[in-house]
Amino acid sequence: MRAATRRFLLIYLTFVLVFLMLRTVIVPPTFGEFTDDYTYRWFRGDSVREIMQYDMKFATKEMCEQCHPEKVEFLNRGKHSTLSCETCHGPSMKHVENPTTYHPEIDTTRELCKLCHEFNPTRPEDFPQKFTDEHGYGLACVECHNPHSPWVFKRGVDNGQ
Amino acid sequence: MSEILWQVLQHVQGYIYPNEVEVNWSVLIALYPYITGLVAGAFIVASLERIFKVEAVKPTYRLALLTALAFLLCAPLPLVAHLGHPERALEIMMTPHLSSAMAGFGFVYAWYLMAVLLIELYFDYRKDIVMWSQEVGGIKGFIYKILTLGDYNISDEAVKADNKIVNIVTVIGLPSAAFLHGYVGFIFGSVKANHWWSSPLMPIIFLFSAMVSGIALVLLIYIVSSYIRGVELDRACTDTLANYLLYSYLLDLSLEFMELAHLFYTQEEGIDAIRVLITDKLFWTFIVIQVFLGTLVPIFLLIIARTGIFKFNVRKWIYIFVTTLTLIGVFAMRWNVVIGGQLISKTYLGYTTYIMPLFGPESLSLALAIWILPFIILAVLIKLLPPWEHPHEWEKTEAE
């Protein structure tokens, strides 16, 4: 073989070898460890163990129900039945661990309700999208609506007013 | 909510899913198949001379190879800029995955760059590199000396052996170029949920439009570079390239027509939405720019030029006009595929709008910068490895 061809091949071979060496250093050892074909497991195996060490933040609706069954039952009968308690009350695991000392904070301004009920043309037309200037201007939503069941009203307001 | 997203929301029509409001694959992703197509097309021009022995296009052989290399070096840039994490770019190479067509790109790209273009360029230029290394001093000479790899043998047998390698690599390179670009079409064609994309014809259509754009680019660069160098154009070469442009245009047109005909004939779900997409949302970029200005007008002009009723001086200007229209038209085709496919909702009941920012990530200015970069690289490559005939000192004096 001629010198040029031989040296050209040598450069390529070196390149491939350097790539393979780099690969052994860069790819984490536990990458794709949970299965043989890697399908849906395309991640570092250790990341699962690391995530398992994190403190839990959310308690789930079932946990809330153990102490507040009447609230959950009321919620389940209204339009907000599909929501989890923590959707509005925020992550509550700390409250479960220390029920007397820690209470989840809740945002009672219009901003929280806007997350779902601000007008947005991509939402279905029959979905309540009430953030026009006319509806309840200057008031917090919870001043009239009971957030656990929004069609139950406070302050003597009737449906439709 | 970002300013742009809010603006887009004002233009949403009908009913669409919330995740369809934002067009995630922006102008950069339209630029990516465009640049890749130019690479494949330019390589096919080069192979015309090597494999198909079209001697007339010899003056553009090396120019086409250098063009392919300059554009190939920039091909991944739109993707890297779009993803926004350049430090992760190599991860698809480190952890390859056969179930993802996207992850295949790294290997298709590496194969094409390392195993095809660089080898072909090197062994084609080797004789000249050895000669230049002895003629030229300074930094340039030093680069040539490194490039010789210490082998200064340019005897007839050595050059013959080089040529043999180039021929073999070109034969491997042609299907590789087809694969490189067919693969880009494959990514879109295999999105089953999107009727504007989902079609087994997509890779072939991409390939033929790549040939169209690549031939046009090489022809335009050839004409402009000859003007800059103050050299007469090789008439046979220019006309032959224009003829090949016409042939590939005709194939491209019939393929695109077949795809549309298939769409309308089968009347699959969502055809009404596609009809509105073509006639309303994409009217300017599809009907006007891609089909009329980018396909029908160039074909008409090329046929006129072929009849020979105009002198070469006029034909030259027709070619400049046609190739410019072609480059715009093929970009419009990429735009219509990439952006068009995202404007239509999976509900088939609504449309979103794409607003292209002028500055910032995923903007027009960034796309323009990436588009200009290959030309700068090409200028440097041409300076280093002149693709013209008779580039040697002693040959110049002999010619004079």
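For all residues, glycine too, the Cβ spot is worked out from N, Cα and C.
Listed in TrEMBL:
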type	residues	note
TRANSMEM	B:25-48	transmembrane segment
TRANSMEM	B:60-81	transmembrane segment
TRANSMEM	B:101-123	transmembrane segment
TRANSMEM	B:165-189	transmembrane segment
TRANSMEM	B:201-224	transmembrane segment
TRANSMEM	B:244-264	transmembrane segment
TRANSMEM	B:284-305	transmembrane segment
TRANSMEM	B:317-344	transmembrane segment
TRANSMEM	B:364-385	transmembrane segment
Outside the transmembrane segment (B:165-189), six or more residues from its ends: residues with CB under 8 Å to it: 32-33, 36-37, 39-41, 43-44, 46-47, 50-51, 101-102, 104-105, 108-109, 111-112, 115-117, 119-120, 123-124, 197-207, 210, 337-338, 341
Touch test for the transmembrane segment (B:60-81) and the transmembrane segment (B:201-224), at least 3 Cβ pairs under 8 Å: yes
Sequence-remote partners of the transmembrane segment (B:25-48) [C-beta within less than 8 Å, at least six residues beyond its ends]: 54, 57, 60-62, 64-65, 67-68, 71-72, 74-75, 78-79, 81-82, 112, 116-117, 120, 170, 173-174, 177-178, 180-181, 184-185, 206-207, 209-218, 241, 244, 330-331, 334-335, 337-339, 342, 354, 356, 362-364, 366-367, 370-371, 374
Cβ contacts under 8 Å made by the transmembrane segment (B:317-344) with residues that lie 6+ beyond its boundaries: 20, 23-27, 29-31, 33-34, 37, 188, 191, 194-197, 209, 212-213, 216-217, 219-220, 223, 238, 242, 245, 249, 270, 273-274, 277, 281-282, 285-286, 289-290, 293-295, 297-298, 301-302, 304-305, 310, 351-354
Outside the transmembrane segment (B:244-264), six or more residues from its ends: residues with CB under 8 Å to it: 45, 48, 54, 57, 195, 199, 201-202, 204-205, 208-209, 211-212, 215-216, 219, 271, 274, 295, 298-299, 302-303, 306, 322-323, 326
